[in-house]
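Per TrEMBL, region 'Disordered' is recorded for 1-20, 55-79. The annotation domain 'Anti-sigma factor NepR' is assigned in TrEMBL to 25-57. Here TrEMBL flags 61-79 as compositional bias 'Low complexity'.
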Amino acid sequence: MQEFKAQTMKKSAPGTKGGLNAEIQARIGHQLRAMYDDVVRQGVPDRFADLIKKLDDPQRAAEAATASDTNSSSTEGRD
């Protein structure tokens, strides 16, 4: 870990582009994949997938919004 910090703290030579070298980027990528692998495997819940589909199709989203507004206004005052 100390070696990793030392590499990231090094200043780049004048005239060169700053940033992380490929080895450090690969290490970060490996660690991120290890941390989030379980989340990726879980997949997208159905309700989110449905929402994404609605957002991808503006016509369907408009129809759903209209239907939702109609349903909510027709049930108002029934309490």
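In case you wondered, yes, glycine gets a Cβ from its N, Cα and C as well.
Look at the domain 'Anti-sigma factor NepR' (25-57): DSSP puts its residues at 29 helix, 0 strand, 4 coil. Computed over the domain 'Anti-sigma factor NepR' (25-57), the whole-number mean pLDDT of the model equals 92.
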